[in-house]
Amino acid sequence: MSGAEQQQIVPANNGDENWKAGLNLPAKDRRFKTADVTDTKGVEFEDFCLGRDLLMGIFEKGWEKPSPIQEASIGVALTGQDILARAKNGTGKTGAYCIPVIEKIQPALKAIQAMVIVPTRELALQTSQICVELSKHIQLKVMVTTGGTDLRDDIMRLNGTVHLVIATPGRILDLMEKGVAKMEHCKTLVLDEADKLLSQDFQGILDRLINFLPKERQVMLYSATFPNTVTSFMQKHMHKPYEINLMEELTLLGVTQYYAFVQEKQKVHCLNTLFRKLQINQSIIFCNSTQRVELLAKKITEIGYSCYYIHSKMAQNHRNRVFHDFRQGNCRNLVCSDLLTRGIDIQAVNVVINFDFPRNAETYLHRIGRSGRFGHLGVAINLITYEDRHTLRRIEQELRTRIEPIPKTVDPKLYVADQQLVDAADETTA
């Protein structure tokens, strides 16, 4: 370890606790959290010997203690070992890799030192924002590059200093092949939502991309599901990866799942009833096609509710604006296609509605994971037609989960934040 690296690591147990007093901490989240994020061994962020500036960013982001995937992953990632990690959606996977990636970057070296690849533009923007917030006390330059934006802007930014790149595969490969994104110092590669990145959609791109990286590199894969393609990728590009599997149950413990049998023509009426009866903070409503997304959004507006819609055929700047405004809470309901099933973290979403039931278990798992984020509670409601009945049972069996008939009244304690508050006195005795 070099002298510069040694100076970066400041053990937090050095007796000087005064630095914490000056932190600008957000309000403490007193909502109930499930074992998906609380079932840990009691490790603290300080125990990883992270630099103080990074610790300040972690605490000021409101992250108090590592979740199970962070606890299992951060220490190993800091050693430089390859990682293959399976954990549920919404349990802190992004922090599990962002923290060690940022810690290992040397700001004095004005070159790309780490790259995070994600499958969608929205996830790239979200991940880059997290990295910026975590590293706000460090002189770190984070760049996000995705398709659908001006290539010339990316080229100009790469002419300056960039330490960490968050990218979708096609765009960053294009920049590498043009000789603009120079990767000789990029010794860390993270694939987030790795199952999607290793699917047919991106076939061949990752192999070409990895050829631009140094031979001595660290590769980390994070996902909720790992298809067979992961095995061949692992054998080809990874060296004795450390395997983490926190997937004994596939669905989030905090998401209660219901179904309602309806005829196709009754779906909008049923949705209207749900809007009236449920205490929705924010909801995401999934359809199986972009055309149905637009039609449903129009219907929802006609029956008197505000809603946004988003799908993959919209212009990128329009998608960005809708996504940003929904995150800010400017609208209660968002109708979308499966574009938004992966990694998107909007903590205010407490209800997910499958207006159209998904065709496979993997899509179902990712959709319902948009509620119940980071151990909080939420509900997923599935509108099931006669044709969907066999798919419903098959998905239940594949995910080893139970989807119950929806009761006349859904208990607010299952999904309403105000009903989930943990009393401060209870917390001290817990």
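We count from 1, first residue shown onward.
Cβ coordinates come from backbone N, Cα and C, glycine included.
The ATP binding site annotation in Swiss-Prot covers ALA87, LYS88, ASN89, GLY90, THR91, GLY92, LYS93, THR94 and is backed by sequence analysis. For LYS88 (ATP binding site), the count of additional Cβ atoms within 10 Å of its Cβ stands at 25 [all protein chains shown]. Secondary structure at LYS88 (ATP binding site), taken from DSSP and collapsed to helix, strand or coil, is coil.
Per Swiss-Prot, domain 'Helicase ATP-binding' is recorded for 74-244.
According to Swiss-Prot, the feature domain 'Helicase C-terminal' maps to 254-414, an assignment based on sequence analysis.
The average per-residue pLDDT of the prediction over the motif 'Q motif' (43-71) is 91, rounded to a whole number. If you look up Swiss-Prot, you'll see 43-71 marked as motif 'Q motif', on the strength of sequence analysis.
Annotation source Swiss-Prot lists motif 'DEAD box' at 192-195. Beyond the ends of the motif 'DEAD box' (192-195), by six or more residues, the same chain brings 93-94, 97, 116-119, 123, 127, 221-227, 229-230, 342-343, 362 to within a C-beta distance below 8 angstroms of the stretch.
Of all the binding-site residues given, namely GLY90, GLY92, the one with the smallest number of surrounding CB atoms inside 10 A is GLY92. For the motif 'Q motif' (43-71), DSSP puts the residue distribution at 17 helix, 0 strand, 12 coil. Within the motif 'DEAD box' (192-195), the DSSP-based counts of helix, strand and coil residues read 2 helix, 1 strand, 1 coil.
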